[in-house]
């Protein structure tokens, strides 16, 4: 294991030059202190967990000190926000400190969010508040634990620095880890500014460092797009299967790696509602839960447009047609597993559709339903769950078909339970739980957020004594809409 001073930087993106990013020094927070850290994320850098207890830890991740081999830079990009093109966005409050290479030879971007003003801050102050930093930390690590690809979060550093949003709040910084911070919007920026030479340079860079298997392909740029499309389809399938609503699927928030990126007003479904909108600012429901699939397709079309100088339009269009079948196959496989099926049958998609329709009509808790379905043999489980539904006739018909389908699977009931518990979490990050932990942290009590993080890092385990985190939300805690302000 390494100490903080032993981290090895090799800053490949910085070497692309000033056309792609601008060198900026972080602006330190006042009186920094550690709020919460992830040992699992620290392990990605081979960091000794004891390093989090050192004063240097908070100093490095609050802008007070910086590694001599780090090269903090703000990246430039653009993007479509709520369907409209914004010509220049860029890192307005975050800095790519550099790329750390671990013992396995893996590269990890260290990105300090809330590090102060940059040339791309526009009217913003470059800061992040404690509230949004905790939310991103919890979600990043929880999604990873659920098996949903995501950027990672090393730590949150709090401070005495005041930041003004709807009200005065405490400033904070989040240290985000990801193999790459390149977004769809990076390519859009160079396409729409007609910098096609730089666009090609960026494409060659990301293929060389992130998709080296494509280097020998006769059409690497086309295969890059296809790979991004495949990864995005798989990601969205996992979002939909586990009830995750991102809330701000702008193209500048879409990763080329197919990982969940840039957390804002996200939410997991409480009661199942396909039309759920988690973003208070999303008046039209563009980024509602049920729209995430078509929006991902739309965003991929925006990326495809940016690649037209190097890939034929016909080829891009044909590739776009792969998205929905890939998504549907991945989603159906996940949902089968959530229902306890290890084999495929032709009627499975319709069985799942009927279930979701019944859940929608009765406002059934999405996470608890699947967990409880695996607690007992199928016939006993559906009898227990029946009381959650309003349309009893419809549910009874579905339950009969489900039990018959389960019987055709055969197998040991104990093995079925283990199989289902491995894919159906007991614990999910509900917004009201995050809010309670945030309110305690804002008063200086970090124990609740640390405990919540620990529980959510093992979402499939029973964890005796932590059952309160698996309870149904109170009425006030359901369907919370979160502001974009952060």
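Any Cβ shown, glycine's included, is placed from N, Cα and C.
In this view, residue 252 (active site, proton acceptor) is surrounded by 22 other Cβ atoms within 10 Å of its Cβ, with every protein chain counted. Per Swiss-Prot, the feature active site, proton acceptor maps to 252; the stated evidence is sequence analysis.
When Cβ atoms from all protein chains are considered, those within 10 Å of residue 93 (ATP binding site) total 22, not counting its own. Residue 93 (ATP binding site) falls outside any helix or strand according to DSSP and counts as coil. The ATP binding site annotation in Swiss-Prot covers 90, 92, 93, 113, 125, 126, 176, 183, 262 and is backed by sequence analysis.
Under the heading Mg(2+) binding site, Swiss-Prot lists 253, 262, citing sequence analysis as support. Under the DSSP three-state reduction, residue 253 (Mg(2+) binding site) is assigned to helix. Sequence-distant contacts of residue 253 (Mg(2+) binding site), defined as residues of its own chain at least six apart whose C-beta falls under 8 angstroms from its C-beta, comprise 79, 183, 246, 261, 262, 264.
Nearest to residue 252 (active site, proton acceptor) in space, judged by Cα atoms and limited to the binding-site residues 93, 125, 176, is 93. Considering other CB atoms within 10 Å as the measure, the emptiest surroundings among the binding-site residues 90, 125, 176, 262 are those of 125.
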